[in-house]
Amino acid sequence: MRRGVPMLEMTSDRSQADERAARQRRRDLIQKFAALGSLVVLVFAFSVSSAAFFSVDNLMTVGLQVTSIAYLGVAATCVIITGGIDLSVGSVLALAGVSSALLVKAGVPVPAAMAAGILVGALCGFVNGMCVTRMGLPPFIATLGMMLVARGIALQITGARPVSDLGDAFGALGNGALLRISRIGADGFPDTTFPGIPYPVVIMVVLFVVVSVLLSRTSLGRHIHAVGSNAEAARLSGVNVQGVKLFTYVLSGALAGVTGCVLMSRLVTGQPNEGVMYELDAIASSVIGGTSLMGGVGTISGTAIGAFVIGVLRNGLNMNGVSSFIQQIIIGVVILGTVWIDQLRNRRP
């Protein structure tokens with residue numbers, strides 16, 4: 001009888017853990033479908049209020065607007081799953097973008113300059129990660145400091161002025177498209193038969209697929225979730241907790257660098273003031289998609305839905321003539337409401 005008692009307790013503990021896991025999966029599924037339902041409602045409402053919402057040009061605009069939110073949202077998701085946060089991505093994208101622009105201005109080939117910009121972003125992420133993992137700083141404070149440092153450097157190296165005259169090659173990534181079909185018309189100007197798929201959208205889709213596979217199909221992805229769920233238990237299981245956290249911050253910085261290069265390429269100008277408040281859109285898209293600010297929970301598919309919710313909301317408000325000030329209020333309320341729902345979800349047993 002005595003031997004049977006521990007076995008019964010272990011079976012009971014295992015069944016309770018399985019039940020909690022199943023309950024968490026149900027909550028995540030409900031959250032994801034709620035986000036998807038919100039997206040459908042927004043699309044329907046804006047298509048009714050504006051006849052031009054479903055035009056090809058506007059859908060292309062929405063796709064391009066969503067890309068920046070999506071890149072940073074993926075970065076935010078990876079960091080938040082580990083229980084951290086990155087407030088520096090908006091400033092880091094500006095620093096990476098203007099660094100790339102300045103290199104092009106100095107005669108460096110565009111691909112090499114953009115690769116250098118991404119490395120600048122990754123370096124900023126590495127510094128964030130070291131501050132969190134080695135110095136023991138809270139992620140909020142470490143990344144807030146980097147937000148100020150990166151923005152200051154971007155303004156200093158450009159003299160707080162845009163970097164212009166970068167040439168057509170610099171704008172190819174942000175303004176080009178895959179499978180675009182065009183011909184020269186009778187008037188001598190290009191006539192586009194099929195607009196193609198913008199390169200930023202192609203990058204977004206590839207990023208969604210690659211990081212989704214990383215998080216759901218690899219041991220590193222399982223370690224990222226384990227660290228966010230219970231860092232001490234993960235450490236005792238042999239997971240390099242500090243290394244996993246450092247990786248997510250480096251990835252976040254690199255994706256901010258990608259965002260900066262793509263965004264500056266679209267503008268064909270290096271803007272040191274670009275990216276202000278982008279970190280909030282990134283966090284909002286992640287949380288709307290079901291990523292928990294408590295850590296341990298999050299999917300890239302949910303973040304993709306969240307990014308489109310934010311992008312469609314901004315686009316629809318613009319098309320309906322809502323002022324930028326009112327838009328800030330609405331987006332702020334959405335962020336507060338989303339975080340509140342996340343808190344309620346995590347309080348339930």
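Cβ coordinates come from backbone N, Cα and C, glycine included.
Look at TrEMBL and you will find 33-56, 62-82, 89-108, 114-133, 140-158, 197-215, 246-268, 288-313, 325-341 tagged as transmembrane segment.
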> To the transmembrane segment (325-341), which of 62-82, 89-108, 114-133, 288-313 is linked by the most Cβ pairs under 8 Å?
Replying inline: 288-313
> Does the transmembrane segment (197-215) come near the transmembrane segment (114-133), with 3+ Cβ pairs under 8 Å (pairs 6 or more apart)?
Replying inline: no
>> Check the transmembrane segment (140-158) against the transmembrane segment (62-82) for contact, please; criterion is three or more CB pairs under 8 Å, pairs 6 or more apart in sequence.
In response: no
> Where else in the chain does the transmembrane segment (62-82) make close Cβ contacts, counting only residues six or more beyond its ends and a cut-off under 8 Å?
Replying inline: 89-90, 93, 139, 198, 200-201, 203-204, 207-208, 211, 215, 224-225, 227-228, 244-245, 248-249, 251-253, 255-256, 258-259, 262-263, 266, 278-279, 281-283, 285-287, 289, 291-293, 295-300, 303-304, 306-308, 310-312, 314-315
>> Which residues of the chain, 6 or more past the ends of the transmembrane segment (89-108), have a CB below 8 A from one of its CBs?
In response: 72, 75-76, 114, 116-118, 120-121, 124-125, 146-151, 153-154, 157-158, 163, 165-167, 170, 252-253, 255-257, 259-261, 263-264, 269-279, 282
> Given the transmembrane segment (288-313), which of the listed stretches 33-56, 114-133, 246-268 has the most Cβ pairs that are under 8 Å apart from it?
Replying inline: 33-56
>> Cβ under 8 Å, sequence separation of at least 6 from the ends of the transmembrane segment (246-268): give me the contacting residues as numbers and ranges.
In response: 64, 67-68, 71-72, 74-76, 78-79, 81-82, 84, 86, 88-90, 92-98, 100-101, 114, 117-126, 128-130, 132-133, 164, 166, 168, 170-175, 199-200, 203, 207, 220, 224, 274-275, 278
